[in-house]
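K.L.:
Structure in structure tokens, see below.
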Amino acid sequence: MSEHREAVRTARSVVVKIGTTALTTPSGVFDANRLASLVEAIEGRMKAGSDVVIVSSGAIAAGIEPLGLSKRPTDLATKQAAASVGQVALVNAWSAAFAVYNRTVGQVLLTAHDISMRVQHNNAQRTLDRLRALHAVAIVNENDTVATNEIRFGDNDRLSALVAHLVGADALILLSDIDGLYDGDPRKATPDKPARFIPEVAAQGDLDGVVAGRGSSLGTGGMASKLSSALLAADAGVPVLLAAAADAGRALDDASVGTVFAPRPERMSARKFWMRYAAESAGALTLDDGAVRAVIKQRRSLLPAGITSVTGRFHGGDVVDLRALDGHTVARGVVAYDQAELASIIGRSTHELPVEMRRPAVHADDLVRT
């Protein structure tokens, strides 16, 4: 067994993401029995000593039948109505399944916006930490009744990666109808063009030839979403296992199935992870070539002298993108000036500025490369 599978197998704190297709029948009906089977596997991991946080999709699917709908809705308002009804059924199903093992569950509804705002981010972290301290099983889901982009893209894949870092998890396990990563669609493979299974992703070269497909009609997250989320978590220092829900027992027991994603050697700090992946950008600073070198290669602070233009409306303490002259983002950071104030001093050397304004536009400690 590789060291990365071993890391998943022995992880003491685990986030398990359950996709919509793992909780529904082939016809799209929410299936409480499937959920109960997953809880049995999760309970086995918890009895072995691991702390588990669950990120559960399926609210919209769970609301289809109670509302008398024949299929998953396509318009936003009906999706949100289905989510409103389905969320009740979903959390009740989780609660009933864990009650068999005398465990209490707590529901945490989030949107990407909640994670992006530092105050809400910290509040969510405290809530999850307290639930775990009280030995309750946290069931996290996106708040689909108010979310917009989140309800259409990701199927909780990205949220699970953010939650994994939020709670300081040692591993992230993604369970759905996808049994791992392939360099082609296995459903369309032929003897002449087989789809090669990729057991481990440890370097960019391991992804050569990988084609990211679309999700099923029941969920919204396809291979592209799962791959992006797995790489996000791995880049932050969290090992990831992508496996089929049908193999949940083995995935949670010994990590012997699916594709494992190797984490970066050093775990990213919570603050830098938030800046890079969670925070919403309030604007952008365009840097000259010298400033890009100073920030990226020399890891120095960004001074007003190296900024050529400022866009957006931001205040000191907001997160902004740092862009090269060709427009691509090279870093993100917490800006020390309001937009109007910074715009008035860009391109000027520090000694030209009043004493009270001789500070970096973005300090090196508040920068993260992208």
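Yeah, the Cβs are placed from backbone N, Cα and C, and that goes for glycine too.
Since the structure is predicted, the reported quantities are computational estimates derived from the model, not experimental observations.
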K.L.:
Need one residue: from S37, S50, S57, S256, the one Swiss-Prot lists with D144, N156 for substrate.
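P.N.:
Of S37, S50, S57, S256, S57 joins D144, N156 in the substrate site that Swiss-Prot records.
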K.L.:
Rounded to the nearest angstrom, how far is the Cα of D144 (substrate binding site) from the Cα of S225 (ATP binding site)?
P.N.:
17
K.L.:
Counting each residue once, how many in the domain 'PUA' (282-360) are helix, strand and coil under DSSP?
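P.N.:
Within the domain 'PUA' (282-360) the tally stands at 22 helix, 23 strand, 34 coil.
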K.L.:
List nothing but the largest Cα to Cα distance in Å, as a whole number, among the residues S57, D144, N156 that the record says bind substrate.
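P.N.:
Spelled out: the longest distance between any two Cα atoms in S57, D144, N156 is 10 Å.
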K.L.:
Do you know offhand how many angstrom separate S57 (substrate binding site) and M223 (ATP binding site) by C-alpha?
P.N.:
16
K.L.:
Give the number of CB atoms, excluding that of K17 (ATP binding site) itself, located within 10 Å of its CB.
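P.N.:
K17 (ATP binding site) is surrounded by 29 other Cβ atoms within 10 Å.
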K.L.:
For the C-alpha pair, I'd like the distance in angstrom between D177 (ATP binding site) and N156 (substrate binding site), rounded off.
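P.N.:
On Cα coordinates alone, these residues lie 14 Å apart.
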K.L.:
Hey, which of the binding-site residues S57, N156, S225 is the loneliest by Cβ count within 10 Å?
P.N.:
S225
